[in-house]
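Input: a single structure, listed below in structure tokens.
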Amino acid sequence: MPMSQVEVPLSGLADFQNSIYLQGLGDVVPALPTDLTKLEGLAERALSAQAFGYVAGSAGSESTARANRAAFDKWRIVPRMLRDVAERDLSVEVLGTAMPSPLLLAPIGVQSIFHPDGELAVARAAAAEKVPMVLSTASSYSIEDVAEANGDGPRWYQLYWPKDRDLAVSFLERAKAAGYTALVVTLDTFTLAWRPRDLDQAYLPFLRGIGVANYFSDPVFQKAVGGPITKENRDMAILHWVANFGNPSLTWDDLIFLRDHWDGPIALKGIQHPDDARQAVDAGMDAVIVSNHGGRQVDGAIASLDALPGVVEAVHDQATVLFDSGIRTGADIAKALALGAKAVLVARPYAYGLGLAGQAGVQHVVRCLQAELELTMTLSGIKSLDGLNPDILVRA
Ligand SMILES: Cc1cc2nc3c(=O)[nH]c(=O)nc-3n(C[C@H](O)[C@H](O)[C@H](O)COP(=O)(O)O)c2cc1C
């Protein structure tokens with residue numbers, strides 16, 4: 001019997017581990033490292049200095065980004081033994097979307113600076129792995145083109161809420177028509193923060209016409225600049241983007257507007273304070289995403305993982321709590337779920353995977369995280385996501 005047909009002790013998502021070792025018998029080793037913390041260093045060598053600075057950089061002295069990672073080390077898992085973990089199930093449904101594991105691909109803008117196929121490659125990877133992708137408003141390919149690349153894969157849409165309300169409605173209508181089933185509204189980035197890596201290179205991709213595909217392809221946007229975007233009106237279109245990108249005057253009362261124009265589930269991204277989480281529930285939101293944008297917005301801010309328990313307590317089962325900012329390993333996912341998140345969004349690691357190996361690089365990142373999560377759980381005596389609760393953790 002060929003080795004590949006032997007029944008292995010761990011099937012499921014952890015089977016990725018078996019396939020790596022089996023390929024090794026033919027002298028094939030993984031093209032990318034399986035310790036995903038190593039991707040950043042490789043990406044630094046592979047990407048242009050501008051693209052690398054854009055993805056790896058954070059706000060100010062980058063202390064929030066460091067705190068995001070350090071917060072995971074403050075919690076340790078306490079493995080338990082003899083608990084029959086022969087059958088495991090990591091699948092979950094979040095906001096009406098079924099997924100093989102509690103993992104989504106976070107919204108990341110301007111992906112064509114990492115790889116020419118950008119969001120199209122990510123959409124294909126997401127569909128192949130059946131993992132939901134969250135498409136950014138600031139994508140390098142349009143809502144419709146990404147949907148086509150994603151096929152019948154699960155997809156959500158992330159809104160950067162523009163000043164022009166008609167433009168916001170147009171984005172929502174386009175996303176709905178193109179099969180995006182949930183709306184993520186990012187609240188923490190109505191303007192870009194002080195980001196020294198980008199400032200020192202005087203690099204903002206949007207001003208170069210990258211990451212504005214959804215705007216330039218939009219009928220409302222086009223009408224505002226006098227017609228389809230051409231060489232002649234391109235600069236004016238970019239200035240119109242600058243004037244419209246974010247709206248610092250929004251308040252909680254404005255959320256009614258979104259409810260009126262989006263009939264699917266809505267998640268608010270960028271929540272860190274328990275009172276904001278409670279206000280989200282009061283406003284009838286379906287979910288909050290505990291996130292500090294990977295430390296890219298407020299330097300010196302609370303680590304996202306440190307904010308999670310307070311938000312979970314405040315929401316008290318009245319809304320779904322999702323988490324991002326600092327996820328690099330399967331163990332990180334286990335800790336975030338143990339502290340009350342229903343699922344996590346992975347971000348920079350898949351952007352590095354995209355930059356290093358396109359669609360295959362994104363799939364590699366997804367498979368590594370899923371396999372590592374399943375192995376972490378199994379070896380800790382946990383066979384389903386319900387088993388991930390604060391009792392499995394101690395403070396370091
Ligand atoms: C290059 C880059 C672009 C991003 N673009 C967006 C975006 O368009 N919309 C959004 O809501 N979040 C965006 N984010 C934030 C991510 O969705 C996520 O919150 C953050 O990266 C999590 O931190 P981590 O990557 O360190 O885990 C971006 C992050 C990076 C690194």
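Every residue gets a Cβ built from N, Cα and C, even glycine.
Note that the coordinates shown come from a computational prediction; the quantities given were computed from them, not determined experimentally.
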According to TrEMBL, which candidate in Arg124, Arg195, Arg208 joins Tyr54, Tyr160, His293, Arg296 at the glyoxylate site: Arg195
Identity of the FMN-site residue among Ser91, Ser249, Ser291 (reference: Pro107, Ile108, Gly109, Ser136, Gln158, Thr186, Lys269, Asp324, Ser325, Gly326, Ile327, Arg328, source: TrEMBL): Ser291
Distance [Cα-Cα, Å, rounded] between Arg195 (glyoxylate binding site) and Pro107 (FMN binding site): 19
DSSP-derived structure type at Arg195 (glyoxylate binding site), helix or strand or else coil: coil
Cβ-Cβ neighbours of Asp324 (FMN binding site) (radius 10 Å): 27
Span of the glyoxylate site, taken as the largest CA to CA distance across Tyr54, Tyr160, Arg195, His293, Arg296 (Å, rounded to a whole number): 19
